[in-house]
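**Student:** Mind having a look at this structure? Questions to follow.
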């Protein structure tokens with residue numbers, strides 16, 4: 001998650017939600033995101049909310065450390081139970097992200113999952129994912145996760161090329177992520193994802209093809225491919241500004257995206273979101289689909305965002321402040337916004353347009369509809385679904401999704 | 001310093017024989033305002049402790065830029081050293097110094113019998129000064145040549161005395177040497193004004209006739225009109241008549257400036273002062289008009305009245321379209337004080353609602369635009385300045401074009417453009433560079449005279465359109481700042497002129513249309529097209545940028561289609577940020593001007609229209 005928090009109104013000390021947020025909740029799936037804010041080192045391109053120190057002192061002297069992190073997070077899961085009250089829903093998805101979740105002991109991750117199981121219960125077919133660093137897992141670690149209930153794992157592979165990994169400050173050796181996929185399969189994981197990054201300074205089209213081929217060779221059922229975003233304030237942004245590494249331009253990103261689409265679809269993957277491909281519907285990441293479809297999710301951990309029934313809030317960023325709030329029996333929420341109907345309409349358009357299923361045209365107003373017809377004629381939307389009342393991006397449209405959104409929300 | 005004179009004659013009861021009406025002709029920065037300040041002090045009308053620099057310049061812009069835009073008149077009592085018992089009345093009329101205001105200068109001169117020709121002893125005479133000197137000579141004024149700043153180390157009094165003596169036709173020893181800054185020689189100068197400037201001559205018993213030489217709007221008192229009485233007498237509380245319009249007004253107040261307004265019983269022959277009638281708009285009290293009494297008034301107006309005629313036009317548009325009413329209000333207010341300012345609403349497909357505004361010249365344009373932005377808080381886009389064209393069609397009909405986009409499409413017989421006679425003064429080493437510049441600007445050499453061994457006066461006929469572009473800046477840069485320029489309109493000429501249109505994705509952008517000489521059209525087109533390619537962001541589709549004369553494309557660039565406009569990641573923690581970014585982008589989109597289907601950022605308009613190569617020349621004058 002990006003490090004800067006939005007502006008919003010304060011969250012009540014007990015984290016209570018307005019009644020409107022819980023109305024009709026039973027009809028919406030509920031997911032949990034668990035944030036682990038620790039990394040061994042900070043990568044040059046990363047602006048996520050993560051820390052390399054193992055211990056961070058918070059308000060009132062509360063110590064946030066990797067060792068007691070699972071307990072701290074469990075406190076928030078218990079708070080969630082209180083706030084959601086008699087909400088009868090079982091949890092459909094859990095996603096542990098970071099940071100580097102696998103810097104914690106596998107047992108810690110399992111304990112955090114157990115807390116959710118204890119407080120809410122997990123649906124029988126629940127999707128339980130963790131992100132993992134290729135260097136920090138081994139067969140035993142993976143086995144512990146699998147036994148503890150995890151059934152999906154996502155490895156940060158980024159690239160198969162050493163010189164690209166070096167620019168990104170990734171420490172793993174080429175080949176290790178692919179080996180991880182085999183180890184995860186052996187441990188019994190149903191679903192395995194590889195994250196890739198394209199457009200890193202110094203990467204060539206061929207480097208990118210090699211990365212895609214290496215990833216596909218390992219046999220994941222899901223691939224995420226992200227254009228490198230150079231965020232302000234990162235080490236990489238400074239290096240680019242100083243002229244030490246060249247900036248990749250948008251045309252190169254577009255070319256790489258087309259290469260990804262070509263290579264992945266040839267290997268039997270279908271796109272289901274702008275940056276995500278899967279071999280089957282079952283291989284899709286259900287948790288991410290909750291985000292994209294405006295479902296409810298509780299984000300636990302420092303800086304994590306939550307959304308329940310049109311109320312979105314976010315926690316304080318610093319692990320110390322986060323632990324301090326929970327130790328004092330208070331919500332770690334730093335701010336929240338109550339979405340208006342128009343906000344929710346706009347968010348639906350901007351999120352759902354990124355999906356293979358697209359946006360129902362019924363969400364658009366008159367000017368937006370006119371704009372959609374223009375986008376159709378410009379080849380940014382697909383003909384057939386449009387006839388059935390849905391705006392679905394073409395391949396070219398996917399590359400210009402933000403521009404299409406700007407027109408459609410009018 | 002002489003004592004403050006006693007027995008000062010009062011207004012309306014001053015013997016014309018004791019009156020001296022004079023003005024000061026000087027180049028900007030040659031020290032006119034400082035000299036005026038010293039005179040105010042020496043004659044005791046402003047006390048030492050109230051003195052501030054450039055006392056007479058009222059507007060902030062004047063003081064900041066060190067230029068005088070509006071003139072004033074101050075009544076100074078002076079007992080000359082050669083005739084101490086006789087306190088004289090010196091009316092100092094402060095004239096505008098800039099070419100744009102030549103007509104106002106000529107009216108100020110017409111109110112005087114003499115002028116001080118004030119020249120910087122380190123720089124010599126400049127073109128505008130020379131032009132005003134010729135005007136003064138045409139008006140038969142007595143010229144008192146003065147070198148100022150003789151205290152400067154760089155002063156060359158001998159050299160420039162010689163130059164002035166040649167111009168005025170006197171002996172170099174007759175050129176007075178003063179320092180307005182220290183006050184050195186200023187009392188001698190005042191004595192000389194009394195000794196040499198003739199007293200005004202008028203018919204005391206004739207019907208009153210007074211010439212308006214300035215008219216200023218004051219938000220408290222309405223219009224304050226400055227007059228010089230030629231014949232007869234104007235008295236307080238009488239009704240007066242403006243002879244050009246026949247409009248009559250009650251004289252609410254009459255008086256003189258010392259330098260603050262001081263009411264009086266009236267003004268007699270030769271006197272200079274102000275009138276207040278309660279009118280709210282300077283156009284009802286126009287410079288050059290004759291004021292007479294309503295009862296038994298004069299039959300015949302004084303000569304020389306002219307309506308101010310705008311020479312340069314520019315479209316002014318608010319950056320924020322909702323500021324349009326504010327812009328109208330602001331122009332209305334400025335017009336109260338500026339009879340030369342004309343404007344009418346105009347609509348541009350590219351810029352929205354605005355006004356086509358006519359100006360006397362480039363400084364006038366600059367000053368008005370700056371006042372609109374500063375005093376009224378408006379953000380404006382001003383289109384590149386242009387002149388008036390007269391287009392005669394093949395069927396004999398005539399079209400007057402003040403906006404290039406209105407240049408007629410049909411069969412054109414002839415196009416007329418205004419021309420000016422330009423006078424350039426510069427050191428001789430720059431003759432080549434100046435002639436080259438004038439040649440490329442379609443100039444015709446009229447003549448060349450040496451003012452002294454190393455200074456030359458070059459005269460050219462130039463199309464006004466060539467001057468309103470960047471002529472002055474070019475002249476300055478080619479002569480390392482040494483050349484000075486003056487111009488006066490001399491009529492019109494037929495020229496091979498064409499309209500160059502700029503097309504974005506096939507749609508004409510009216511704000512970028514320009515009328516140029518056929519030979520320069522290509523260069524203009526290439527330059528603008530290249531610039532727009534740089535300034536317009538890539539769109540969802542390929543955008544050709546073309547320059548065309550009629551249907552013939554003379555230059556083309558292509559803005560490649562944008563291929564990627566999507567953020568790769570959009571997860572739970574990104575959504576609020578993403579929605580807010582979208583809202584911000586929508587705001588940004590509102591500030592885009594849609595030209596057909598192309599979104600053009602306002603910055604692109606501003607950059608193209610007000611870039612160095614089309615900016616006004618007034619700014620260069622310091």
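For all residues, glycine too, the Cβ spot is worked out from N, Cα and C.
Dumping what TrEMBL says about this protein:
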BINDING   B:29, B:30, B:31, B:32, B:33, B:34, B:148, B:149, B:150, B:151  GTP binding site
**Student:** Counting Cβ atoms within 10 Å across all protein chains shown, which of the binding-site residues B:33, B:148 comes out on top?
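**Tutor:** Of B:33, B:148, the one with the most crowded Cβ is B:148.
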**Student:** Return the residues near residue B:150 (GTP binding site) by Cβ distance under 8 Å, restricted to its own chain and a separation of at least 6 in sequence.
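**Tutor:** Result: B:121, B:157, B:177, B:178, B:179, B:184, B:185.
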**Student:** Quick check: in three-state DSSP terms, what is residue B:148 (GTP binding site)?
**Tutor:** strand
**Student:** Report the member of B:29, B:31 (the binding-site residues) whose C-beta atom has the most other C-beta atoms within 10 angstroms.
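**Tutor:** Highest number of other Cβ atoms within 10 Å: B:31.
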**Student:** For the GTP binding residues given in the record (B:29, B:30, B:31, B:32, B:33, B:34, B:148, B:149, B:150, B:151), what is the largest pairwise C-alpha separation in angstrom?
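**Tutor:** The GTP-binding residues span at most 17 Å between Cα atoms.
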